[in-house]
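Undergrad: Quick paste of what TrEMBL says about this protein:
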ACT_SITE  Glu163  active site, proton donor/acceptor
BINDING   His13, Glu16, His105  Zn(2+) binding site
BINDING   Arg55, Asn62, Arg63, Glu163, Tyr273  substrate binding site
DOMAIN    4-189  domain 'Succinylglutamate desuccinylase/Aspartoacylase catalytic'
DOMAIN    204-285  domain 'AstE/AspA barrel-sandwich hybrid'
Amino acid sequence: MKQLQVLLVAGTHGNEINGIWLFDEWKKSSFLINTHGIKTFKVIGNPEAKKAGKRYIHHDLNRSFKDESFIKINPLNCERTRASELVNLYGEAGENPCQIALDFHTTTSSMGSCIVVYGRRDADLALASLIQNQLGLPVYLHESDQKQTGFLVESWPCGLVVEIGPIGQGLLNSRIILQTKLILETLMEQIHEVKNLNLFFPNKLIIHRHIKSIDFPRDEEGNIDGYVHPLRQSKDWQELKKNDELFCKLNGDIIRFEENETYIPVFINEAAYVEKNIAMSFTKRELWNFKKEWKQSLIDLIHQK
């Protein structure tokens, strides 16, 4: 039986420094976080971007984990090279194979603390259910978005992203650091409980399923000519109904939500998403029944069956 190993990543984006700082302090004091005897690898996702104080150098690392990324090292793109390195070091067939990847991020949006799941892999949903049951965190299911692919955790059998905000890029904040530590400790505790088969899974999972993303209003030349309405700013996770305010312009014009569906917006006015032409994303809140297949998949993975 292979040893259970967990990959812990901070600094996938070089200007998200709270997780990096926590990892640095952890290296100084190994007792700082209890991993319950589980072997972990703590890595800085994008060390070159960290040195430069930037989100990335050539390409978003968290969009670089695609099949073509691992064909060969690309000297002209340090993020694709780094993606290959991480998979070769810690992937399923790597030098130090990890079964689970946990990727810690921060956001400028008022998201609070949440878990992001990519797709509907059984083990991911089981682990997300455990952490939601313990801490009550919302779970954002990101899927069916062909413009946003190649996420780090998708290259491991099980993987979750932790997002915490709001926090400006390149800033340390005590609340963000302590929340990161709490969520990391809780995840390791829950993985330990699954390993020892001493676990309790909830009956339900609340999901915020990704529907689509929308751009800012733009003029004929493609320049942004409106901003997030004050009544929408910092209202992540709050229902958006027909005729609610979305954007406004300096001339007083208001752009309203015109759809009949009720959506839940997330990542409102995220600074890093402006370049991706995303002002916010829309989700649908759904209550899912917990499936026994999720539980078995996570147990089998952790026990290497």
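Placement of Cβ uses the backbone N, Cα and C atoms for every residue, glycine included.
From a predicted model like this one, the values you see are computed outputs, not experimental measurements.
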Undergrad: I'd like the number of other C-beta atoms within 10 A of the C-beta of Tyr273 (substrate binding site), please.
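TA: Tyr273 (substrate binding site): 20 neighbouring Cβ atoms within 10 Å.
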Undergrad: Same-chain residues six or more away whose CB lies under 8 A from the CB of Asn62 (substrate binding site)?
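TA: Expected: Thr12, His13, Gly45, Asp103, Gly150, Phe151, Leu152.
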Undergrad: Using the Cβ centroid of His13, Glu16, His105 as the reference point for the Zn(2+) site, which residues of the same chain not in that list have Cβ within 8 Å?
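TA: Output for this site, in sequence order: Ala10, Gly11, Thr12, Asn15, Gly19, Arg55, Asn62, Phe104, Thr106, Thr107, Ala272.
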Undergrad: Given the recorded positions Glu16, His105, Glu163, find the one whose Cα is closest in space to the Cα of Arg55 (substrate binding site).
TA: Glu16
Undergrad: In angstrom units, rounded to an integer, how far apart are the Cα atoms of the residue listed as 'active site, proton donor/acceptor' and Tyr273 (substrate binding site)?
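TA: About 14 Å separates the two Cα atoms.
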Undergrad: Using DSSP, what's the helix, strand and coil tally for the domain 'AstE/AspA barrel-sandwich hybrid' (204-285)?
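TA: For the domain 'AstE/AspA barrel-sandwich hybrid' (204-285), the helix, strand and coil counts are 6 helix, 33 strand, 43 coil.
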Undergrad: Among all the protein chains here, how many other CB atoms are within 10 A of the CB of Glu16 (Zn(2+) binding site)?
TA: 29
Undergrad: Quick check: with Arg55, Asn62, Arg63, Glu163, Tyr273 left out, which same-chain residues have Cβ atoms within 8 Å of the centroid of the substrate site Cβ atoms?
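TA: Those within range, site residues removed, are Thr12, His13, Asp60, His105, Ala272.
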Undergrad: In whole Å, how far does the CA atom of Arg63 (substrate binding site) lie from that of Glu16 (Zn(2+) binding site)?
TA: 16
Undergrad: Given a separation of at least six residues and a C-beta threshold under 8 Å, show me what packs close to His105 (Zn(2+) binding site) in the same chain.
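TA: The list for His105 (Zn(2+) binding site) reads Thr12, His13, Glu16, Gly19, Val161, Val162, Glu163, Ile164, given in order along the sequence.
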